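**Student:** Below is a structure I'd like to ask you about.
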Amino acid sequence: MELRLYDTLSREKRTFVPLDANNVRMYVCGPTVYDFAHIGNARPVIVFDVLFRLLRHLYGEAHVKYVRNITDVDDKINDRAARDFPGLPLNEAIRKVTEQTGKQFHADVDALGCLRPTVEPRATEHIGEMREIIERLVAGGFAYVAEDHVLFSPQAMNAANSVLPRYGALSNRSLDEMIAGARVDVAPYKKDNTDFVLWKPSKPGEPSWPSPAGIAAQGRPGWHIECSAMAWKHLGEHFDIHGGGIDLVFPHHENEVAQTCCAFHRERMANTWMHNGFLQVEGEKMSKSLGNFITIHELLADWPGEVLRLNMLKTQYRSPIDWTMKSLEESAKTLDDWYRVAADVAPTEPAASVIEPLLDDLNTPQAITALHGLRGDAAALSGSLRLLGFLAESAAQWEGRKQQASGVDAKEVERLIAERTAARSRKDFKESDRIRDLLAAMGVAIKDSKEGTTWEIAR
Ligand SMILES: Nc1ncnc2c1ncn2[C@@H]1O[C@H](COP(=O)(O)OP(=O)(O)OP(=O)(O)O)[C@@H](O)[C@H]1O
Ligand SMILES: [Zn+2]
């Protein structure tokens, strides 16, 4: 059985062959920590968690290294810090914002059933690596200093006659068209309108570090260089998989490739580039700027994290998802059923019928269809669900949480059921039906069997 993954660069599904099967390496762009993450931001986190789990299953837990960064230097962080903590020095305020947001992010993605990555590097702890890459780029003639900025020149990259990839290859754009289409109000320190910032001067009070390339003024990094530096430090110059949302292909990933390949004279940065499609609301990308977003935190008040996770995985990661209430309700019903059948059953190995579709570019909808087919084999269902990051709770915990969320008083339900049982034994079916209807109106479904009457919250 081989794993096949769609690669954005070659635009085809290819057999995945790790550079080193004892050390399979994956980098995924993580959050900029300035606010609660929305459910769209959860998509790459969940999708690449499934891939991480699959790779661990295939190559062994100790042989997969997953790096997801935390961007803790950014204008949006500075703005938020100044707004929320106006009395504090900016540096302290920034630390508060990034600490608090980082904690919220972890609580959210833990609840979604995601494993922590092997390493979660912070941008501010890798300024030295960023400076080193920038120095190399300047020395190689790919970057230049202007007005205390360091700029990368895509045109210099494409003019270099060497092993380097072509700037624009990942996003399938031509540099000439980019030049023609670029805005006219370009920053005065740029030689060409396609040049992008590697390093910039800090304004007074902003976070700042000693600058590279002989610049006397203190400064701070651009966004793209952060990921090149952290990926290099933790995974090396060349590694297996790089992922993120489809909106990161250009310019972020195109620029990462440019920086890393030019700094280390490489043909490639990652062997496979993977990008998830958008989570949408009424046909539009969920995003902060459009204001059509709902945070993971808000959703978790109404739904168990595993319901959100299942709902996300019902769509293959490259297709858009329309996020609807109806679909969430169906996902909740499915999980209720799986919890009842499989949560307390000792797992066997995950079923081949579930693994196979996952090996085909993470075809999770088909894997979910296979899970439905395993209902008669609780042990295999249990093992397969666990592989996908479900069943973190026992059946009783799951049911208890549902009861709590419903506001139904369990004691009162038990009392009514006892009354109904008494009515039934004296053959007062009018009274027993009345109690059943009363329970139904409270949102409680009952089931009679030889062992007695059981109940659950009806979704
Ligand atoms: N609606 C979405 N669907 C799927 N992935 C998304 C969506 N919005 C953002 N992402 C992904 O979430 C990750 C974090 O992105 P980023 O930090 O740029 O989010 P953001 O700027 O808060 O998002 P936005 O401003 O677009 O709401 C990236 O991998 C990005 O591709
Ligand atoms: Zn990145």
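Cβ coordinates are placed from backbone N, Cα and C, and glycine is handled just like the others.
So TrEMBL lists these for the protein:
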type	residues	note
BINDING	C29, C227, H252, E256	Zn(2+) binding site
MOTIF	31-41	motif ''HIGH' region'
MOTIF	285-289	motif ''KMSKS' region'
BINDING	K288	ATP binding site
DOMAIN	353-399	domain 'Cysteinyl-tRNA synthetase class Ia DALR'
**Student:** Which residues, sitting 6 or more apart from H252 (Zn(2+) binding site) on the same chain, put a CB under 8 Å from its CB?
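**Tutor:** C29, W223, H224, C227, G244 - these are the non-local Cβ neighbours of H252 (Zn(2+) binding site), listed in sequence order.
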**Student:** Among the binding-site residues C29, C227, which residue has the largest number of other Cβ atoms within 10 Å of its own Cβ?
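**Tutor:** It comes out as C227.
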**Student:** Using CB under 6 Å from any atom of ligand 2, narrow the binding-site residues C29, C227, K288 to the ones that qualify.
**Tutor:** C29, C227
**Student:** Using the Cβ centroid of C29, C227, H252, E256 as the reference point for the Zn(2+) site, which residues of the same chain not in that list have Cβ within 8 Å?
**Tutor:** W223, H224, E226, S228, H242, G244, L248, H253, N255
**Student:** Test of understanding: give the count of other CB atoms lying within 10 angstroms of the CB of the residue listed as 'ATP binding site'.
**Tutor:** 15
**Student:** Based on a Cβ-to-ligand 1 distance below 6 Å, what subset of the binding-site residues C29, C227, H252, E256 would you report?
**Tutor:** C29
**Student:** Write out the long-range same-chain contacts of E256 (Zn(2+) binding site), meaning residues 6 or more apart in sequence whose Cβ is under 8 Å from its Cβ.
**Tutor:** H224, C227, S228, A231, H242, M269
**Student:** Restricting to the motif ''HIGH' region' (31-41), what is the model's mean pLDDT?
**Tutor:** 95
**Student:** For the motif ''HIGH' region' (31-41), what are the DSSP-based totals of helix, strand and coil residues?
**Tutor:** 0 helix, 2 strand, 9 coil
